[in-house]
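Structure incoming, see below.
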Amino acid sequence: MNRLVFLRRWLRAAVVLFAFGICGTASAAASQAGAAPVPDTMQQRVAACTSCHGAHGEGSPDSVAIPRLAGKPAGYLLQQLEYFQSGQRRHAPMEYVVRQLSPAYLREIAGYFAQQDVPYSKLPVPAVSAETLRRGEQLVMRGDSTRGVPSCVSCHGARLTGVEPMMPGLMGLSYDYLNTQLVSWRTRQRAAEGPYCMGVVANRMRESDITAVSAWLASHEPPADMHPAPASAQTEPLPGWCVMGKSGAGQ
């Protein structure tokens, strides 16, 4: 069912992009003919995004594969758009949507969604054992030194709402999305310029650990304040192999 919903939304986004091309041509022709051009509003510019991710980037209640964009750090959102454009992050619909967009346009999109502030929706969580949730809590809050896995809070902030300018929040995301992204890091369907922190972390986790972390994060109610913490809040030193530059680790 979610796959069908996602396909419909992707086709809708493709139609919107196609319409943008037509509208651009029509607008130029209308200007030459003296008619009013199509208004160039921010809502029009992000229409291909909002057709899937929601009017304010709140994510889709119908498809857990479509994440929330609202409120994430602008630097992180810009980076992910650039990664889709370069192929470092693979997802055919997103690669298609951003293929022809200019750097300035990508920055504008990232800034728009970073400023959005809308409530979170409760998402479904699969039934897992209490033992699985305890393991998830351990990995999220304390990590596992025996496997070389740092805690999630050491990078994503004490409240797991992200850290400016590049670290995204993990709260309020669906189990399926979190699980899929960790697997994507393991298989290099998702990558970063460097360091390849999340790829290292995900490959040190067992499949059961990925399930545990995804379930624990998805089962917790997001805090009232979901804004990312300021960069100064990052007090715990990162592992030596995971010192962030521009690229960041990602979620």
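Note: Cβ is positioned from N, Cα and C throughout, glycine not excepted.
No curator has checked TrEMBL annotations; they are predicted automatically.
According to TrEMBL, the signal peptide annotation covers 1-28. The domain 'Cytochrome c' feature in TrEMBL is assigned to 29-117, 131-221. Look at TrEMBL and you will find C49, C52, H53, M94 tagged as heme c 1 binding site. Taken from TrEMBL, the feature heme c 2 binding site applies to C152, C155, H156, M198.
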How long is the line from the C-alpha of M198 (heme c 2 binding site) to the C-alpha of M94 (heme c 1 binding site), rounded to the nearest angstrom?
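With distance taken Cα to Cα, M94 (heme c 1 binding site) is 21 Å from M198 (heme c 2 binding site).
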Out of H53, H156, which of these binding-site residues shows the lowest number of other CB atoms within 10 Å of its CB?
H53
Can you tell which of the binding-site residues C152, C155, H156 lies nearest to C52 (heme c 1 binding site) in space, using Cα positions?
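For C52 (heme c 1 binding site), the closest Cα among C152, C155, H156 is found at H156.
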Between M94 (heme c 1 binding site) and H156 (heme c 2 binding site), what C-alpha distance do you get in Å?
24
How many Å separate the Cα atoms of H53 (heme c 1 binding site) and C155 (heme c 2 binding site)?
25
Taking the Cβ of C152 (heme c 2 binding site) as reference, which residues of that chain separated by at least 6 in sequence fall under 8 Å from it?
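Once residues fewer than 6 apart are set aside, C152 (heme c 2 binding site) is near L139, V140, M141, G143, L160, L170, V213, L217.
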